[in-house]
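Residues annotated as domain 'GTP cyclohydrolase I' in TrEMBL: 29-206. Sequence annotations record features per position, and here TrEMBL assigns Zn(2+) binding site to CYS99, HIS102, CYS170.
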Amino acid sequence: MDDVVKSLISRPERVVTSANGKPSREEAEEAVRVLLRWAGDNPEREGLLETPARVVKAYEELFSGYRQDPREVLERVFAEVEGYDDLVLVRDIPFFSHCEHHMVPFVGKAHIAYYPTDGVVGLSKLARLVDVFAKRLQTQEAMTAQIASTIETELNPRGVAVLVEAEHMCMSMRGVLKQGASTVTVQFSGSFRDNPSEQAHFYTLLRGGR
Ligand SMILES: Nc1nc2c(ncn2[C@@H]2O[C@H](COP(=O)(O)OP(=O)(O)OP(=O)(O)O)[C@@H](O)[C@H]2O)c(=O)[nH]1
Ligand SMILES: [Zn+2]
């Protein structure tokens, strides 16, 4: 995997800390009041009085991924798997993210497969990894690459395959107004990369039982 993709895992310039200018809660709430006025409403009316505080609190949750280190999620590896070394696939991991162009949600599912080498990771950790990146401003392509790259770096597997399918609300509820269009992104690394039969194995398992 090239350096550009690797640098997407954790780019320090993407994360603002207090030391390099993170605004205060009051400043963030004031920014929400400005946007409310921009939308044409009156932030002083009763129904909106507590809205800035709620929005800021919601942002803490929706963008909590900036405060998490994706590498820590995969720290714990279980080595005793009786020699299991075939594909592990967790499919249909639901996520909500926000596109970095419009700050509007994109919603979908991620499917993650890897060939373990030195043990396996807890299955829930793969779903947690999706959320670390989903809960940041994103493009779907970057999120897909970041998930694959983190697994590759942290678990050193024989191969990783990540497929993400999502609907972008910035295409559905505004702009081009195409409801239901879905975007599929896929990132292969290691043994999947240039091997059509490995990729076919992944797609077969992904479809299995449906
Ligand atoms: N490649 C990619 N594009 C995205 C993603 N999320 C949103 N976009 C696109 O980002 C583009 C931004 O295009 P611009 O022309 O700069 O912005 P815009 O005028 O709001 O574009 P429209 O959405 O076409 O109205 C749009 O084409 C979106 O569909 C994503 O995850 N990946
Ligand atoms: Zn968008």
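Just so you know, glycine gets a Cβ as well, placed from its N, Cα and C.
Those TrEMBL annotations? Automatic predictions, nothing curated.
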Around the Cβ of CYS99 (Zn(2+) binding site), the count of other Cβ atoms that are within 10 Å:
18
Provide the three-state secondary structure of CYS99 (Zn(2+) binding site) computed with DSSP.
strand
Using all protein chains in view, find how many other C-beta atoms are within 10 Å of the C-beta of CYS170 (Zn(2+) binding site).
16
So if I draw a 10 Å sphere around the Cβ of HIS102 (Zn(2+) binding site), how many other Cβ atoms end up inside it?
15
Across the domain 'GTP cyclohydrolase I' (29-206), average pLDDT on the 0 to 100 scale:
96
